[in-house]
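For reference, the structure discussed in these notes is given below.
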Amino acid sequence: MGGLRPWARYGVLIVGHLLALGLGAMVFQALEEPPARRLQAELRAELAAFQAKYGACLPPGALEELLGTALATQAHGVSSLGNSSEASNWDLPSALLFTASILSTTGYGHMAPLSASGRAFCVVYAALGLPASLALVATLSHCLLPVLSCPGAWVAVHWQLSPARAALLQAVALGLLVASSFVLLPALVLWGLQGDSSLLGAIYFCFSSLSTIGLGDFLPSHSHSLHPVIYHVGQLALLGYLLLGLLAMLLAVEAFSRLPQVRAVEKFFRPCGPVTAADQGGILGQDELALSTLPPAASASEQVPAC
């Protein structure tokens, strides 16, 4: 494939992406269509049983109208289920979580502005806040990645690893650290606090939050066994988790994007042009992970880089 023209390489990339989309759609269809049909059949059975029992007391179409109104309000994060004396969905902790979901591009969809002025402010707030958030995360990742590369550099010198193997070891270690600290451990805590959820559901929520997918189908709910203060503290903790977890995820992605194998794939789809200094000096030659610049032979005390 090395002799392909640039437009042909882009065509291969687009076709591969479309094939991946089609394969994913078919897998999801095969996995999710049967339980969706079962759930639809159960719902129809429940509605039929309700109408058979109470249909004589209700005007025609009254139940459908009530359910339509309930579903429409539920789509905006307003629900009449449970205790009506509970705090509003737009109290300060909930509003902070909503703004964090906007700035982190998670967008759970569990809440939405109801008024025209709220929607207009949401547009302006996101237009101004998203670039600022991205700039903040990029600056922090640029400052933290060299610091996190110091242990990997020490291991590379101590074990006399090649730059490529050292970069792979560092990326894997950082990925495992992020997976354990920001996915597995929070999922265990959420699983312990949320009695009606499974461990897989908690892991699913954590990963969808950090990857900014934010489908909103699984959210920590207000358990009646929790004190309202504890619930609001949990909301604030979720706010910090979103911000710190997004930074950790971007650090891991950045570390993997600097691997020689990833750079080789990127270089394959790059337009043909003059050889740059980065290509002449090696893939890892101009970034913070350039372990090849470490002294090749020195005493044990001199080999440990100063971080």
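These residue numbers are counts, starting from 1, taken along the chain as shown.
Using N, Cα and C of the backbone, Cβ positions are placed for all residues, glycine too.
Features of the protein shown, as given by TrEMBL:
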{"type": "TRANSMEM", "residues": "12-31", "note": "transmembrane segment"}
{"type": "CARBOHYD", "residues": "Asn83", "note": "N-linked glycosylation site"}
{"type": "DOMAIN", "residues": "86-143", "note": "domain 'Potassium channel'"}
{"type": "TRANSMEM", "residues": "92-111", "note": "transmembrane segment"}
{"type": "TRANSMEM", "residues": "123-148", "note": "transmembrane segment"}
{"type": "TRANSMEM", "residues": "168-191", "note": "transmembrane segment"}
{"type": "DOMAIN", "residues": "182-258", "note": "domain 'Potassium channel'"}
{"type": "TRANSMEM", "residues": "198-218", "note": "transmembrane segment"}
{"type": "TRANSMEM", "residues": "230-253", "note": "transmembrane segment"}
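Against the transmembrane segment (92-111), the recorded stretches 12-31, 123-148, 168-191, 230-253 differ in Cβ pairs under 8 Å, and the greatest number is found for 230-253. Among residues of the same chain six or more beyond the transmembrane segment (168-191), those with a C-beta under 8 A of the stretch's C-beta atoms are 148-149, 151-152, 155-156, 161, 197-199, 202-203, 205-207, 210, 220, 241, 244-245, 248-249, 251-252, 255-256, 258-259, 289. Per DSSP, the domain 'Potassium channel' (86-143) is made up of 40 helix, 0 strand, 18 coil.
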